[in-house]
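K.L.:
Okay, these came from TrEMBL:
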type     : residues : note
REGION   : 1-30     : region 'Disordered'
COMPBIAS : 13-22    : compositional bias 'Basic residues'
REPEAT   : 168-203  : repeat 'WD'
DOMAIN   : 402-543  : domain 'U3 small nucleolar RNA-associated protein 15 C-terminal'
Amino acid sequence: MAEPQISKTYLVKPKHKPKPRTPKQTAESKYWSSFKTKQIPDLISSITSLTFSPTTPHSFAAAHSASLTLYNPQNKFSPTATISSFRDVVSSASFRCDGLLIAASDLSGLVQVFDVKTRTPLRKLRSHTRPARFVKYPVADKLHLVSGGDDAIVKYWDVSGETPICDLLGHKDYVRCGDCSPVSTDMFITGSYDHTVKLWDVRVKDSGSVMEVNHGKPVEDVIFLPSGGLIATAGGDSVKIWDLMGGGKMVYSMESHNKTVTSICVGKLGKDGGEEAQQYRILSVALDGYMKVFDYAKMKVTHSMRFPAPLMSVAFSPDCLTRVIGTSNGTIYAGRRKNKEDFEGGSDEELERPLSKYERRQKKLKALSSRDAGGLGPVEEPQVRVLKPTNFRYFHRGQGEKPSEGEYLVMRPRKVKLGEHDKLLKKFRHKEALVSVLGSKNPENAVAVMEELVARKKLLKCVSNLDSEELGLLLMFLQKHSTVPSYSGLLMGLTKKVLEMRAEDIRASDDLKGHIRNLKRSVEEEIRIQQSLQEIQGIISPLLRITGRR
């Protein structure tokens with residue numbers, strides 16, 4: 001009688017697979033990882049300040065030692081200009097809203113305004129008696145500046161007259177940072193080492209602060225969030241968000257860093273259009289070498305990156321394509337994302353990538369069409385003839401021919417290649433299928449066959465019918481693989497059943513006793529390892545709990 005044929009056969013595969021140890025990367029992590037980092041090394045001293053120009057091509061300025069260097073992110077981050085006319089270390093820099101001027105402060109207390117193209121100093125603002133730590137242009141104001149320094153005085157400058165309009169008093173310690181409101185040219189905030197952040201309004205006649213919040217630790221950096229109603233302050237190992245519209249109430253405290261947070265900035269997901277334009281993030285860097293991305297809408301850290309040096313400054317470009325980080329050892333980690341415009345114009349990544357044969361042909365045809373051929377006008381790109389079903393060549397296309405959009409593709413089913421154990425299972429020869437995989441080098445096939453026999457309720461019957469040599473193969477397999485985490489759930493239960501069912505056969509054979517001794521040693525060794533891991537877990541878990549609170 002002929003054997004019944006099964007219409008479709010499936011390969012036997014193990015059901016229990018080990019789970020990946022690394023968590024799946026989220027879409028936002030992929031976004032921040034897409035910034036291809038390039039090092040700009042050998043700068044003098046630490047990078048105290050980084051700032052982007054608000055106009056294209058969004059060059060950025062890096063303050064290091066007594067110099068201010070401008071870089072073009074669209075040209076492999078090459079330096080375009082260096083301003084060196086400073087008496088002391090440059091502490092801060094800020095572009096004007098049109099990108100034509102840049103203001104910089106240094107530790108001598110001098111604030112200077114430079115022409116970006118010619119690098120000539122246009123104005124020198126002298127009034128600070130101690131080192132000037134920050135300088136800032138209001139968002140849409142071309143005539144005024146805000147600065148602060150170690151003399152605990154905040155100054156509001158008339159740039160054209162080189163004179164301070166007013167001195168804002170109120171801080172009791174060094175003023176180290178500040179930012180201007182994105183919705184008003186008359187309001188700005190400053191942070192000081194006296195743990196306070198003050199909100200100022202130059203329209204108030206008594207020159208007092210409008211609002212004050214206490215960060216609790218010396219404030220290293222402070223920024224306005226895009227709405228203008230929230231601010232973020234960095235000090236100690238925490239970044240705090242405050243609601244100015246709610247009377248200076250603290251909204252959230254992000255304590256993810258292990259050392260002092262030195263700089264923060266606002267980054268934006270996506271580009272200038274669509275829903276992604278509203279997804280803002282806070283980027284923070286610290287002396288622990290980490291950059292954290294904080295989603296203040298969901299109040300959680302969404303991405304983290306480690307760098308091999310303490311981080312001092314961070315900045316993000318307005319076009320969402322460039323991110324720069326300055327370190328304490330004079331290295332800038334500049335990252336840039338790929339953009340469609342870069343591909344059309346020939347970006348750094350595109351120029352370095354070798355072109356395919358099709359791309360070279362398209363480039364050559366484009367070049368020919370753009371210039372005249374012997375004064376006869378531009379050369380038109382040759383039209384590729386489309387094959388139709390009425391053509392004879394249509395039915396003699398090769399296998400490499402790609403289907404067009406409107407064609408229906410019929411795939412030839414691939415023939416399933418069956419292994420020896422699959423063929424035996426197909427014929428219901430269960431014991432022979434089990435023996436065939438016990439001696440193989442692939443334990444996954446053996447476990448898959450055992451799982452299939454469990455589903456057919458034939459595994460214990462096969463074990464009871466094994467002779468002494470086959471039983472030795474089974475015990476040897478159990479001794480090698482029963483402690484493997486992905487197989488132990490099935491094999492440890494099978495081991496117990498084998499010892500109960502074949503106890504008399506094992507006592508009667510010295511070889512089987514040797515296999516049992518080896519199995520016992522491997523189980524005892526696994527138990528010792530598990531106990532050691534539990535002791536280590538007991539030591540580490542309190543430390544992890546403390547770290548989670550921070």
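From the backbone N, Cα and C atoms, a Cβ is placed for every residue, glycine too.
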K.L.:
State the residues, same chain only, that lie 6 or more residues beyond the ends of the repeat 'WD' (168-203) and have a CB under 8 A from a CB inside it; answer 'none' if no residue qualifies.
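P.N.:
Those are 133-134, 136-141, 144, 146, 148-150, 152-156, 209-224, 226, 228, 231, 233, 235, 242, 244, in sequence order.
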K.L.:
Count up the helix, strand and coil residues in the domain 'U3 small nucleolar RNA-associated protein 15 C-terminal' (402-543) according to DSSP, in that order.
P.N.:
106 helix, 0 strand, 36 coil
K.L.:
With DSSP as the reference, give the number of residues of the repeat 'WD' (168-203) in helix, strand and coil.
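P.N.:
Counting residues per DSSP class in the repeat 'WD' (168-203), I get 0 helix, 19 strand, 17 coil.
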